[in-house]
Amino acid sequence: MSVDTAAAVAERFRELYGAEPEGVWAAPGRVNLIGEHTDYNDGFVMPFALPHTAVVAVSRRDDGVLRLHSSDVEGGVVELRVDELAPESDRGWTAYPSGVVWALRQAGHAVTGADIHLASTVPAGAGLSSSAALEVVVALALNDLYELGQKGWQLARLCQRAENVYVGAPVGIMDQTASACCQAGHALFLDTRDLSQKQIPFDLAAEGMRLLVVDTQVKHSHSEGEYGKRRAGCEKGAALLGVDALRDIAYDDLDGALERLGDEEEVRRLVRHVVTEDQRVERVVSLLESGETRAIGPVLTEGHASLRDDFRISCPELDLVVDTALAGGALGARMTGGGFGGSAIVLAEAADVETITKAVEAAFAAAGFTAPRVFEAVPAAGARRVS
Ligand code: GAF
């Protein structure tokens, strides 16, 4: 995020609220390299931060008033009272920042109000965690201003609670942790059971490769039913198998576990995805750590097949990106994020990027799909104060 963006957000704050903001903060969106729908199964994930960020200018208030404004949404300043915030009372964009204020206060933090102005460059509904970026940036700003002393992973937990309870979307912990804790030049290997983290160096350019993000422009939403159904199906699988979470099924016991599920075909497919996906995360970590970066390509592609055939959350546009990219010589490709639309990632040799991009654009045009938005992603920094 540029200094200009921070200055523009501060300037707009001054116009709206007639005073200097106490500070400006930024938090990124993410792509997930591997580890999809594993986070609510206590499993492994491996996201990295995008350069696209949600940016807020914020000042404290001591009169219980919360004022919110976004450059990205039509309409003026929304004014709420912090002591009247209530779960699921709002379905609009303001639910994310006000949900964070609610979660902080519920956890006993004395947040007595704020003036907030927001602008975000994270594409909304593209599976790139625009919501988590918005939650985390507000949480970090209030954490700093009110001196709450919470660490990144603790803020991520509070933001997840805001999204689960206040917004009403049953998401896991990956996106908020990615936005809060990622580091530039690294992917974050996160164990979502104990929240332990390992920063894995991920510098594709140094090895002559690139990672493309292809936003299919098919919008998705997590508060709609399909995400929750998958989550409930996984929880049913864990209960039938007598474990706390699918994370507890050992890779070499997968066949046995599938047998024990008998004719629960739907659950069997979900379990197979989650158990094999956890293993794929571990394979990718070990390949990256041993310098075999190109070899992660086929693992990413296997992940896509599993999400498409077993977890059943892909869509024709995502499949077309993957198939076209692979036919054009990509090292690997998969959908990323919650699914049902959103974005795919493509790992490719730098020399093949242009051909692959053109092939994907041509395939979308030929299929009559809306033109995709393609950009290159380099792991960027996590949430931070910028002024
Ligand atoms: C969405 C959710 F918000 C995450 O918690 C995660 O479950 C992801 O879908 C799928 O891996 O981004």
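We count from 1, first residue shown onward.
Quick reminder: no glycine exception, Cβ is built from N, Cα and C everywhere.
Positions annotated as active site, proton acceptor by TrEMBL: ASP175. Note: ASP175 (active site, proton acceptor) has non-local neighbours ARG30, PRO47, SER129, SER131, ALA132, i.e. same-chain residues 6+ apart with C-beta under 8 A of its own C-beta.
Look at TrEMBL and you will find GLU36, HIS37, THR38, ASP39, TYR227 tagged as substrate binding site. The Cβ of THR38 (substrate binding site) lies under 8 Å from the Cβ of PHE44, VAL45, GLY172, THR192, ARG247, VAL274, GLU277, ASP278, VAL281, each of these being in the same chain and 6 or more residues away along the sequence.
For SER70 (ATP binding site), the number of other Cβ atoms no farther than 10 Å from its own Cβ, over all displayed protein chains, is 22. The ATP binding site annotation in TrEMBL covers SER70, GLY125, ALA126, GLY127, LEU128, SER129, SER130, SER131.
Annotation source TrEMBL lists Mg(2+) binding site at SER131, GLU163.
TrEMBL lists 11-60 with the feature domain 'Galactokinase N-terminal'.
Annotated domain 'GHMP kinase N-terminal' per TrEMBL: 96-181, in sequence order.
Positions annotated as domain 'GHMP kinase C-terminal' by TrEMBL: 286-365. DSSP states for the domain 'GHMP kinase C-terminal' (286-365), grouped as helix (H, G, I), strand (E, B) and coil, give 49 helix, 12 strand, 19 coil.
In the three-state DSSP scheme, ARG30 (site 'Transition state stabilizer') is classed as strand. If you look up TrEMBL, you'll see ARG30 marked as site 'Transition state stabilizer'.
Each residue contributes its Cα atom, and for TYR227 (substrate binding site) and LEU128 (ATP binding site) these two points are 16 Å apart. Take the CB of GLY127 (ATP binding site) and look out to 10 A: across all protein chains shown you find 30 other CB atoms. Taken in sequence order, the recorded positions GLU36, HIS37, ALA126, ASP175 that lie near ligand 1, meaning a CB under 6 Å from one of its atoms, are GLU36, HIS37, ASP175. Distance between Cα atoms for LEU128 (ATP binding site) and GLU163 (Mg(2+) binding site): 16 Å, as a whole number.
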